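Structure, as structure tokens:
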Amino acid sequence: MTKIGINGFGRIGRNVFRAALNNSEVEVVAINDLTDAKTLAHLLKYDTVHGTLNAEVSANENSIVVNGKEIKVIAERDPAQLPWSDYGVEVVVESTGRFTKKSDAEKHLGGSVKKVIISAPASDEDITVVMGVNHEQYDAANHNVVSNASCTTNCLAPFAKVLNEKFGVKRGMMTTIHSYTNDQQILDLPHKDLRRARAAAENMIPTSTGAAKAVALVLPELKGKLNGGAVRVPTANVSLVDLVVELDKEVTVEEVNAAFKAAAEGELKGILGYSEEPLVSIDYNGCTASSTIDALSTMVMEGNMVKVLSWYDNETGYSNRVVDLAAYMTSKGL
């Protein structure tokens, strides 16, 4: 069982913890966050979006206790000073959002810590991995600081892979209709992005995303072929990728959906979902898949222009992939 330390117990950190509770291959043994243990325990137990955690949760002065198991809580600003080895931590999940450069994230390495997973797009990382897409490229000997990409790249890449392998992708444009996140203001307040400065729960907010271009990190054959943007919307969770692509081959809606369904039931099972139900965003709250095709929305125009919608719980799905990645890396050797 892999021992995990979580650096940053925010939305993703806590959802990684929840996901780890349901995975017998990993266990969280230590958490680093500047917030006190009592507050962290309360926020773990009670969640507006995901509901009350089905576990006994309490707090001591420097630890939280979940189902009788004590997890140490540290409050250290400098990653290089963290005593991960005192608790046997082997993999650190870096989820503060602050240490996304390799030069910062690698400060966790040393002692018992063999690998770092950055729960965000990174810079200078050893490899970016999207489970189900390029995880087999992970090389334990050379990859120590690993990015799990973004939630949106984790949604887009699996079905872009299917489209490209089955029909060939010439080019495409993506929009993610994305729930608001902590990188927006709840009321109109200063922000470096003047649109994200506006009240998140009251506005649809056009903004940027690097998710489409980042697909090339895990699918090099699509480099330069995809681009896109985001619209942040007034929902607290669950997002939707809208992809329009021009394919090499002429296809029908039925052929495209059949390819998605086959992948969802086969090589991408658990990663890519497929639905023919007339569902809405709240129905995907808590969905552990990275991406779920909304088959009723698939459209084809003039044979080779295809529009695809795919849902994702941008917290739960992504956090489950972080845990899956940690388990996979361990299976290949730390």
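Every residue, even glycine, has its Cβ placed from backbone N, Cα and C.
A quick note: this is a predicted structure, and the numbers were derived from the prediction, not measured.
Now, the feature entries from Swiss-Prot:
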type: ACT_SITE; residues: Cys151; note: active site, nucleophile
type: BINDING; residues: Arg11, Ile12, Asp33, Arg77, Ser119, Asn182, Asn314; note: NAD(+) binding site
type: BINDING; residues: Ser150, Cys151, Thr152, Thr181, Arg196, Thr209, Gly210, Arg232; note: D-glyceraldehyde 3-phosphate binding site
type: SITE; residues: His178; note: site 'Activates thiol group during catalysis'
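Feature map: Swiss-Prot annotations on the structure.
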| residue | record | DSSP class |
| --- | --- | --- |
| Ile12 | NAD(+) binding site | helix |
| Asp33 | NAD(+) binding site | coil |
| Arg77 | NAD(+) binding site | coil |
| Ser119 | NAD(+) binding site | coil |
| Ser150 | D-glyceraldehyde 3-phosphate binding site | coil |
| His178 | site 'Activates thiol group during catalysis' | strand |
| Thr209 | D-glyceraldehyde 3-phosphate binding site | coil |
| Asn314 | NAD(+) binding site | coil |
Inset, instruction - Find, for the listed binding-site residues Arg11, Arg77, Arg196, Arg232, the residue with the lowest Cβ contact count at a 10 Å cut-off, counting only other Cβ atoms. - result: Arg77
Inset, instruction - Using only the residues recorded as binding NAD(+) (Arg11, Ile12, Asp33, Arg77, Ser119, Asn182, Asn314), report the maximum Cα-Cα distance in Å, whole number please. - result: 27
Legend entry - Of Arg11, Asp33, Arg77, Ser119, Asn182, Asn314, i.e. the binding-site residues, those within 10 Å of Ser150 (D-glyceraldehyde 3-phosphate binding site) when Cα atoms are compared: Ser119, Asn314
Inset, instruction - Tell me, in order along the sequence, which binding-site residues from Asp33, Arg77, Thr181, Arg196, Arg232, Asn314 have their CA within 10 Å of Cys151 (active site, nucleophile). - result: Asn314
Inset, instruction - Please find which two of Ser150, Cys151, Thr152, Thr181, Arg196, Thr209, Gly210, Arg232 have the most distant C-alpha atoms, given that the record lists them as binding D-glyceraldehyde 3-phosphate, and give only that distance in angstrom, rounded to a whole number. - result: 19
Inset, instruction - Out of Ser150, Asn182, give me whichever of these binding-site residues has the highest number of other Cβ atoms within 10 Å. - result: Ser150
Legend entry - binding-site residues (Ser119, Thr152, Asn314), the one with most neighbouring Cβ atoms at 10 Å: Ser119
Inset, instruction - Find the one among the binding-site residues Thr152, Thr181, Arg196 whose C-alpha lies closest to that of Ile12 (NAD(+) binding site). - result: Thr181
Legend entry - C-alpha spacing of Arg11 (NAD(+) binding site) relative to Thr181 (D-glyceraldehyde 3-phosphate binding site), in angstrom: 9
Legend entry - Residues near Asp33 (NAD(+) binding site) in space but at least six apart in sequence (CB under 8 A): Asn7, Gly8, Phe9, Gly10, Gly13, Leu40, Val73, Ile74, Ala75
Inset, instruction - Check the recorded positions Ile12, Cys151, Thr181, Gly210 for other C-beta atoms within 10 angstroms of each C-beta and report the one with the most. - result: Cys151
